[in-house]
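What follows is a single structure, written as structure tokens, with notes after it.
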Amino acid sequence: MSFLGYKSIIEEGDLVLAFIGRDSIKPINVKAGEILNTRYGAFPHDIMIGSKYGAQVSGSKGFGFIHLLYPTPELWSISLPHRTQIVYTPDSSYIVQRLGITAGSRVIEAGTGSGSFSHALARTVNETGKLFTYEFHESRYLEAKKEFEDHHLPNFIITHRDVCENGFDIIQNDETVDVSADSVFLDLPSPWTAIPRLKSVVAKGKRIGICCFSPCIEQVLKTVEALEAEGWTGIEMVEVAGRKWEARKDMVRTLDDALDRLRDVKRRQLEGIEKVKLIRAQRDNTPVESADVEVSSGSKREATEEADSEEPISKKARGFNPWGRGIRVREGDEAYQWFNVTRGEGEVKSHTSYLTFAHYLNFDDE
Amino acid sequence: MSELERAWSVEKTTIRAHARCLVRLPSDQLKIVELRPGGSISLGKFGAFFVDDVLGHKYGQTFEIVDDKKVIPVPGMTYTGSKDAEDDTAAAESADSAVADDLIRLALKSGVNNQEIQDLGAEVQKLSNADIEEMKKQGSSGQIGQAIIDKIIQGHDSFEKKTVFSQQKYLKRKQQKFLRRFTIDYLGASQVLQYYYGKDPGRVLDLSEESLGIMMNYANIMPGGNYLLVDETGGVILYAMLERMQGKGRVTVVHENEHPNHIVLNNSIFSAEAVDDMVKTINILNFFEPEVVVPWKELPEEEIEEYKPSKKQTYFRRKKRALELQTVVEIVKKGNFDGMIYASTLSPSTAVPRFIEKIGGSRPIVVYSPYIEVVSELSHTVSKDLRVLAPSIIATRVRPYQTIPGRIHPLMSMRGGGGYVFWGTRVFPKEGITAIGRGRKKKKLNSEEPVEV
Ligand SMILES: C[S@@+](CC[C@H](N)C(=O)[O-])C[C@H]1O[C@@H](n2cnc3c(N)ncnc32)[C@H](O)[C@@H]1O
């Protein structure tokens, strides 16, 4: 298993994303003898080993189902353990596309945070490229480092460093590592203090792209000023809005049905009144004005109740009930008419961050 | 380096002979050109330039046409301040720096706000179009453009009354009109999209850069992948895939005509051999009904020997094509593709379900349409299909801002469309499970219904 390729059959030691529900994807390291416990039951890892990626499996008791998915950076970003705020796919995919990051690119990322974007970057720059990622928070750094190693990302150097204080140069085994980055992504509170420290690590004789990711407009302002002061050009700030929809069905309720239903209610009310009159007449022995209503025997109480409110009628689903009021109707039930609709997600991320792009023509002293 | 590796090692840094690249003009117009050494390239009313003058420089470099097609590198498309002029010796050497200083001096004399400006339209400008045309005729030197702008400023009664901001705007507009500058950029997929979108949005199905980017990510495009593609954008999506794959892997393109339309690849950074190596094409009939493909029958050698040269050629061409098709048919038979991108006006809800069998387990299915109704219909179709997990529809829109410090705000207008992306994952339903409609509540908490997820 590696984020840099695909395989078909799950083996011991592989990472599997157990898809329990849209909002519940659990990363698991497959190990014989272990068990994945979910609210839908227990799933022994042994049934996963030898299964195909993509297979649906049932729990040990034969009920409850989950899907076993192959990890991709996009699925990972919706299943990973959050240690910080993360960059989601609508933002990260645009940044990658706009900066022209491809296989072979050399990218600087600070800070690493939860490593969400790191995975997407590592995949895209791939074996021929390199990801240089920096994190100053020690336990986050350690966790990210272990995670990237567990995930067999072959093409990264993670550095425990405050980049705003100490810059981006990397020394390994007493030698300065050639970073020569062609793209830079800064997701930290004060990118303007890191920008002046980039000169020594960006590739020479090249056009370098940068994206600074900041939630507040005040940060953008300082970032723009720092970029200008450092000779970056083509500065442009944008926001990415990602919206999501799901296919749903909405019941078609026609005006004619509504009219018919009211007619029906009215008819029943009249029936009820007639019934009451009849009962009263029978009791008082007075003649009935219009006796063309058939009266079934019943207690007075029942009759008044029916006449006074329509609620009990529909609750008992009596009378004309075109939309299944009071009955549980399954969405898409063929007894009814449906309209295909797309429903937006309940809560929308209306603001993630501002993305400030610029480029630097590092053409001098090659 | 092998022949193919060489074919794929696209130079991304230095402008080299024979490269295809993007030329940006001051008017924001774009051109895709091939840099043939010794030749010259016309930029319409902006003049023309000698290719040799730009070779060896770096992508991103701006040039100015100074004398009859001769160009020199300059710091940028417009004068932005004294810093540029100081930093770049080439610019300092050109007589422009003096003019640039003048502009800055003028800019400093600006009014604080626009209070004193009266809306007199053309009347504030004393220089007539005829005057400008006359100046243009006087020479082709690069300084002419600047001289014209200079004159325009002098002739603009209320220029000094404008604020720095509106002066800059005014200058930029004028510079765009008269400066003979252009930038040479690397021709990446985003640039290709920008170029073709600018020509006709319909031709690229109204695809936006953000939609292209998210499709590449959702489809998990990377080197070594074995992808299925239906692409009606003239090859923009294919171009983006090839760019991400950098020479490793394969894209099988399924098309509905005799030949695929990859017009975008005709003028690309990828060599024809490289594309041939990675891109396999097959039409939908051969894809879905491979039995209609007639196996190639080799004729006896003696018979071919007797052919006239032209007939012989035809024979070998047909043989080559037949064998190629055979290979693609084999690839399709194997299936197990690492994902599919589908962007076609051929109704996805009729087509995509037929492709699913060919897609490997847990691989992404990504479908693009300019219309939400189209992807929504597909979503409805597959919501009963247990082979697609968690189908969803995503739209991303980039909103650009004006980023002048102190005047940061969203731009007044942005592009409206950009398309909708369907994303789902190919899975293998457990046997014996039938589709259950949505909405039936779980009776027992522990019996997850497959459609719920
Ligand atoms: C919002 S998170 C980054 C999330 C990340 N982009 C992701 O997608 O998971 C910001 C991270 O930057 C780190 N950070 C902040 N300032 C830093 C600095 N000066 N040097 C290095 N890391 C820093 C923080 O510890 C935090 O983990």
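Cβ coordinates come from backbone N, Cα and C, glycine included.
All protein chains considered, the CB of A:Asp187 (S-adenosyl-L-methionine binding site) has 24 other CB atoms within 10 Å. Residues or ranges marked as S-adenosyl-L-methionine binding site in TrEMBL: A:Glu135, A:Asp162, A:Asp187.
Sequence annotations record features per position, and here TrEMBL assigns region 'Disordered' to A:289-318.
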8 Å Cβ shell about A:Glu135, A:Asp162, A:Asp187 centroid, S-adenosyl-L-methionine site members excluded: A:Ala110, A:Gly111, A:Thr112, A:Gly113, A:Tyr134, A:Phe136, A:His137, A:Arg161, A:Val163, A:Leu188
Secondary-structure category, per DSSP, in which A:Glu135 (S-adenosyl-L-methionine binding site) falls: strand
A:Asp187 (S-adenosyl-L-methionine binding site) - helix vs strand vs coil (DSSP): coil
Under 8 Å by Cβ from A:Glu135 (S-adenosyl-L-methionine binding site), counting only residues of that chain that are 6 or more apart: A:Ala110, A:Gly111, A:Thr112, A:Gly113, A:Tyr141, A:Ala144, A:Ile158, A:Thr159, A:His160, A:Arg161
All-chain count of other Cβ atoms within 10 Å of A:Asp162 (S-adenosyl-L-methionine binding site): 16
Whole-number Å value of the largest CA-CA distance among A:Glu135, A:Asp162, A:Asp187, listed as S-adenosyl-L-methionine-binding: 13
